[in-house]
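To start, the structure itself, in structure tokens.
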Amino acid sequence: MTQTKEERVHQVFESIYKRYDMMNSVISFQRHKAWRKDTMKRMKVQPGDHALDVCCGTADWTIALGEAVGHNGKVEGLDFSKNMLLIGEEKVKEHKMKHVSLRHGNAMELPYADETFDVVTIGFGLRNVPDYMQVLKEMHRVVKKGGKVVCLETSQPTIPVFKNLYFFYFRRVMPVFGKVFAKSYDEYSWLQESTMSFPNREKLAEMFREAGFERVDVKPYSGGVACMHLGVKGKN
């Protein structure tokens, strides 16, 4: 029986959860932390904000948001992989963040009321959902008017030679890293497949606007291998 995208992604993350953080560092050459740090600066999260981290995984960005909003704020992380959430829960406990909570749920149908959050993030998760636009619209729905929705995701370089090297790395090298470091060749082959089929930064910016966002800001990182998209929900 052929798996749906949702079923395959769920299987992947339920399998690789123990080595997910290590592999993120190996695959991105530790750059993912710098990308997230710069994205956080651009977001200008305020103390006391109420934030949601969609597809939170092992909760690294969730915890960064928790630090930014402070104990007078509130952060919720949501993911459909219970195993990834187990790792995330341990991290939240280690950081003693009582204002941060994690929840099992589906990004396609966010279990929150309209206009609940000041900021909504999704980090390296949008490419894994069955319907990109549906998730963007859901994030638009739950963010407050004037609030921000931010996506940090893999992208494709535009410089021809670099683009060819990048595609070779993702297709040939990264699955081997997955086999060596995480014992998961098949699972990490999914990452290159999902990255190759994901919209480029211009198309994703257009999708943000189609979902209803204004003042869409785009920031590529490391020659375009990753990219931040930030959109604001209009006040009208």
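Here, residue 1 is simply the first one shown, and the rest follow in order.
Glycine is no exception: its Cβ is also placed from the backbone N, Cα and C atoms.
The following features are taken from Swiss-Prot:
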{"type": "BINDING", "residues": "Thr58, Asp79, Asn106, Ala107", "note": "S-adenosyl-L-methionine binding site"}
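In sequence order, Val54, Cys55, Leu78, Phe80, Ile122, Gly125, Val129, Val135, Glu138 constitute the residues six or more apart from Ala107 (S-adenosyl-L-methionine binding site) in its chain with CB-CB distances below 8 Å.
Taking the Cβ of Asp79 (S-adenosyl-L-methionine binding site) as centre and 10 Å as the limit, one finds 25 other Cβ atoms among all the protein chains shown. Under 8 Å, Cβ to Cβ, and six or more positions away along its own chain, Asn106 (S-adenosyl-L-methionine binding site) finds Phe80. Close to Thr58 (S-adenosyl-L-methionine binding site) in the fold, though at least 6 residues off in sequence, lie Tyr17, Tyr20, Asp21, Met84, Ile87, Gly88, Lys91, each with a CB less than 8 Å from its CB.
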